[in-house]
Amino acid sequence: MICNQENNSKTNCILNQSKYLYCENIIKSSNDVPLERPINVCYIGAGYVGGTSGAVMAYKCPEDRVKVTICDTCETKINSWNSDKLLIYEPGLDEVIKNSKGKNLFFTTDIENSIHDVDTIFISVGTHTKIHGFGSGQAAELGFVESATRAIAKFSKSSKIVVEKSTVPVPCRTAEHIQTILNSNKNKISNKFDDNEGYVTLSRKSSNSTIIELLNNPNNDTTKNINNDFIHFEILSNPEFLAEGTAVNDILNPDRVLIGGKDTEEGIKAQNLLKRIYSYWIPDDKIILMNLWSAELSKLAANALLAQRISSINALSLLCEKVGADIKEVSYACGLDTRIGPKFMNASVGFGGSCFKKDVLNLVYLCNSFNLSEAAEYWNQVVKMNEHRKEMFIKRIFKKLYHTLFEKKICVLGFAFKKDTKDTRESPSITVVMSLLKEGATVSIKNNIKIYDNAYDATNNSDAIVICTEWDEFKMLDYEKIYYNMNRPSYIFDGRIILDHQNLKRIGFNVETIGKKLSY
């Protein structure tokens with residue numbers, strides 16, 4: 001990293017693997033001091049996390065203080081971000097990008113120039129579940145992380161902070177792996193400067209006293225004899241906790257921001273620099289500094305606990321269906337306990353999305369790798385219960401429709417895994433639709449994506465409606481009109497418990513919902 005100090009003449013310093021990674025005019029001892037020079041930030045990976053996180057950072061930081069470049073090798077992604085039609089649907093994201101794009105927010109496929117001279121690089125590539133080899137079906141595939149790291153090593157021309165944004169497994173010591181790759185390749189990097197232009201290069205061989213002398217007395221000629229090619233990389237972990245459908249608000253108003261780093265002078269200063277960027281819009285008390293491994297594990301742990309909560313309430317919903325209790329009343333009563341709270345207490349057909357199942361199974365793999373078989377089985381039950389909840393919902397449909405779906409038309413309302421997103425990855429709707437098709441049903445689908453844009457067309461001449469996604473618009477439909485155009489008897493299976501069941505029964509529907517006893 002290059003920094004300027006004014007003291008009769010300008011001296012630019014490149015700092016290395018010493019006790020002082022950054023000059024004091026960049027990182028002050030007080031966290032309240034704003035950045036004194038523009039900071040260039042790069043996100044490698046223009047997917048959901050990288051694109052959204054980078055866009056909000058550019059939006060909230062002053063245009064003349066922080067520049068954000070989001071790069072990816074996929075032209076389709078970059079072209080989408082640069083167009084008016086985003087591949088990603090997220091409330092508020094369009095406005096964020098319109099306000100910043102071309103000012104301090106840029107999208108590009110030019111990986112080399114994106115990396116060259118930036119100060120901070122976020123690795124925000126995918127870490128999907130492995131499908132082949134050791135750990136297949138559970139372990140995280142880190143190939144994209146390694147590719148991004150090698151690109152950083154290849155194209156860097158100055159010292160950098162490298163930030164893990166992707167979800168990574170702790171026992172793999174991903175940060176150490178990143179550091180090893182970068183350290184093994186940095187001697188290949190050409191980074192020579194002409195002393196006549198006022199550049200001074202500090203090497204790994206430079207003594208701490210020499211470095212301190214340069215920081216305190218930048219015009220001291222005795223320090224200008226130092227010259228050796230060297231670049232330092234400091235690794236941080238800054239996991240994302242955004243939820244699809246509320247991602248923009250989650251980044252604007254987070255519960256917390258975790259910054260994990262090494263307990264060294266360099267690590268602490270790197271953490272404080274990243275903290276200072278976030279401080280442009282996030283209160284200091286919500287920015288938590290911790291060690292690398294705690295930050296890496298916190299992301300997996302948070303998703304596992306949230307998934308566990310959903311599976312727990314869904315397990316209780318199955319019991320409610322047997323004993324005559326109402327899961328909405330049970331979850332409401334439990335949520336009033338301040339130790340529990342009301343969030344993630346809504347029973348449903350099951351959780352989906354790209355993270356929950358993947359991260360829980362990753363945790364299972366990690367536990368097994370340390371011979372923690374009981375802990376592994378505990379977390380594996382979270383995924384098993386999720387699959388079981390979907391199966392029981394499908395069986396309920398099959399039973400109520402007289403044990404045959406052959407040539408029956410069933411309308412599925414919602415195909416995304418949750419409302420306010422286009423994402424269908426691991427959506428419960430996939431399991432439901434595939435099961436219905438296997439039983440010979442004709443399936444029509446209404447979602448805010450395609451297939452049927454109009455719910456009334458989708459439900460026309462249907463024998464049953466299945467609610468799989470909690471889109472708000474499904475609550476507002478004219479169900480009397482829908483009932484009029486359906487076959488008799490007309491069924492509604494509410495897999496999200498979002499409709500007015502008493503009103504539907506008044507209209508004439510046979511209503512079945514999860515978490516309540518089967519009606520006869």
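The backbone N, Cα and C atoms fix where each Cβ goes, and this holds for glycine too.
Remember, TrEMBL labels are computer predictions, not curated facts.
Here the structure is a predicted model, which means the values were calculated and not measured.
Among the candidates K322, K343, K358, K505, the residue that TrEMBL names alongside D72, K77, T127, T167, E244, R425 for the NAD(+) site is K358.
Record check, TrEMBL: substrate site residues include F241, L242, A243, E244, F344, M345, N346, A347, S348, G352, K418, and the candidate from K275, K286, K299, K384 also listed there is K299. In the predicted model, the domain 'UDP-glucose/GDP-mannose dehydrogenase C-terminal' (411-501) has a mean pLDDT of 91. Taking only the Cα positions, the spacing between K358 (NAD(+) binding site) and A347 (substrate binding site) is 21 angstrom. Ranking the binding-site residues D72, K77, T127, T167, E244 by Cα distance from M345 (substrate binding site) puts E244 first. If you measure from the Cα atom of E244 (NAD(+) binding site) to that of C355 (active site, nucleophile), you get 10 Å. Residues listed for substrate, F241, L242, A243, E244, K299, F344, M345, N346, A347, S348, G352, K418, cover a largest CA to CA span of 24 Å.
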